[in-house]
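K.L.:
Take a look at this one; I'll ask things after.
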Amino acid sequence: MQVHDNHRRPLVSLRISVTGRCNVSCIYCHRDGILRSDEEMSPEDIENICRVASDLGVKKIRLSGGEPLIRDDIVEIVEKINSIGFRDISITTNGTLLEDLSVPLRDAGLDRVNVSFDTLKPETYRFITRKDYLERVKAGIEGAVMAGLDPVKINMVILRGVNHHEIWDMFEFCRQQGAVLQIIELLKTDSCPDNGVERYHCDITPIEAELAEMADRIMTRKFMQDRKKYFIGDGEVEVVRPMDNTRFCANCTRLRVTPDGKLKPCLLRNDNLVDTKEALSSGDLEGLRELFLEAIRRRSPYYQS
């Protein structure tokens, strides 16, 4: 069955944060809008979450964090999810551990990957992440492409005064790798401090205008919040706008899950979560289904600050 919320939006995708842990400390990180927790679901818990989601019509699963590849059992998690029969399984990662895991993850059933990578300059990478992992990330991107994960997308958060001047260099890097560049406008959430947004926020409207002028073709992704994709030669660029807007909400078909098993109806809210811990611990899949339906009922037609 395909469930819809009270605003006629189908539930198509599930984004599961499998851990709050990370091996870098990005200056802008909002941890997928999720508040800190030391608890993590087991692979079996994640499998049960996904089985119920599949029964309700979910077709796509994305794993995120924290840094999902930091989990020793991430390949097992992907295998369990893949056994259910989803149309698409993807991961968002910082890429530092991707080189050695690309093939095992592909063999486990992973379809594609998004790599958070904001700069090609070692000193800027160090400033953003507090680590010296730039070459490891490059190797991870190359490994993902060679493994046949498709598409490989590079998530570049634009930061004023930090990397806003590197967009075309990153576009060329992605084009040469056979990857898609995603330009992301900095997002404010409960877990991202206001002063960070004010300091680094860069309006990407002029960037998008430049892309439109240079593009050979422009495509609008209707079920991805009317996101624009620009085709320039043999390269591709997508633009991701902040999510606290009516267009984003009107086309939202996603539910999120926190590392400790709470269903999250809205990326930007933490006041309407649905806790599945008891149902997961007892293996009560029917109870878990009812909790999913409750989370779907709590979805709003637009973001309420």
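Note: Cβ is positioned from N, Cα and C throughout, glycine not excepted.
Source: prediction; values computed, not measured.
Reproduced below are the annotations present in Swiss-Prot:
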- Arg15, Arg62, Thr92, Lys153, Arg254, Leu255, Arg256: GTP binding site (BINDING)
- Cys22, Cys26, Cys29: [4Fe-4S] cluster 1 binding site (BINDING)
- Tyr28, Gly66, Ser116: S-adenosyl-L-methionine binding site (BINDING)
- Cys249, Cys252, Cys266: [4Fe-4S] cluster 2 binding site (BINDING)
- 6-228: domain 'Radical SAM core' (DOMAIN)
K.L.:
Can you check which residue among the binding-site residues Cys22, Cys26, Leu255 has the largest number of Cβ atoms within 10 Å of its own?
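P.N.:
By the 10 Å Cβ neighbour count, Leu255 comes out on top.
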K.L.:
If you measure Tyr28 (S-adenosyl-L-methionine binding site) to Cys22 ([4Fe-4S] cluster 1 binding site) at Cα, how many Å is it?
P.N.:
14
K.L.:
How far is it from Cys29 ([4Fe-4S] cluster 1 binding site) to Leu255 (GTP binding site), counting Cα to Cα, in Å?
P.N.:
20
K.L.:
Measuring CA to CA, name the entry from the binding-site residues Cys22, Gly66, Cys249, Cys252, Cys266 that ends up nearest Thr92 (GTP binding site).
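P.N.:
Of the binding-site residues Cys22, Gly66, Cys249, Cys252, Cys266, Gly66 has its Cα closest to that of Thr92 (GTP binding site).
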K.L.:
Can you figure out which of Cys26, Gly66, Ser116, Cys249 (the binding-site residues) comes closest in space to Leu255 (GTP binding site), comparing Cα atoms?
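P.N.:
Answer for the nearest of the binding-site residues: Cys249.
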K.L.:
Considering every residue in the domain 'Radical SAM core' (6-228), what is the mean pLDDT value?
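P.N.:
The answer is 93, the mean pLDDT of the model over that range.
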K.L.:
Counting across all protein chains present, how many other Cβ atoms fall within 10 Å of the Cβ of Arg256 (GTP binding site)?
P.N.:
22
K.L.:
Per residue, counting other C-beta atoms within 10 angstroms of the C-beta, which of the binding-site residues Tyr28, Cys29, Ser116, Cys249 reaches the highest number?
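P.N.:
Output for this query is Ser116.
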K.L.:
Compare the C-alpha of Arg256 (GTP binding site) with the C-alpha of each of the binding-site residues Cys26, Gly66, Ser116, Cys249, Cys266, and give the closest one.
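P.N.:
Going through Cys26, Gly66, Ser116, Cys249, Cys266 one by one, the closest to Arg256 (GTP binding site) is Cys266.
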K.L.:
Distance between Cys252 ([4Fe-4S] cluster 2 binding site) and Ser116 (S-adenosyl-L-methionine binding site) at the Cα atoms, whole Å?
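P.N.:
Counting only the Cα atoms, the answer is 22 Å.
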K.L.:
Quick one: which of these binding-site residues, Lys153, Cys249, Arg254, have their CA within 10 A of Ser116 (S-adenosyl-L-methionine binding site)?
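P.N.:
So the list is Lys153.
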K.L.:
May I ask for the distance between Cys266 ([4Fe-4S] cluster 2 binding site) and Arg254 (GTP binding site), taken between their Cα atoms and rounded to an integer number of Å?
P.N.:
8
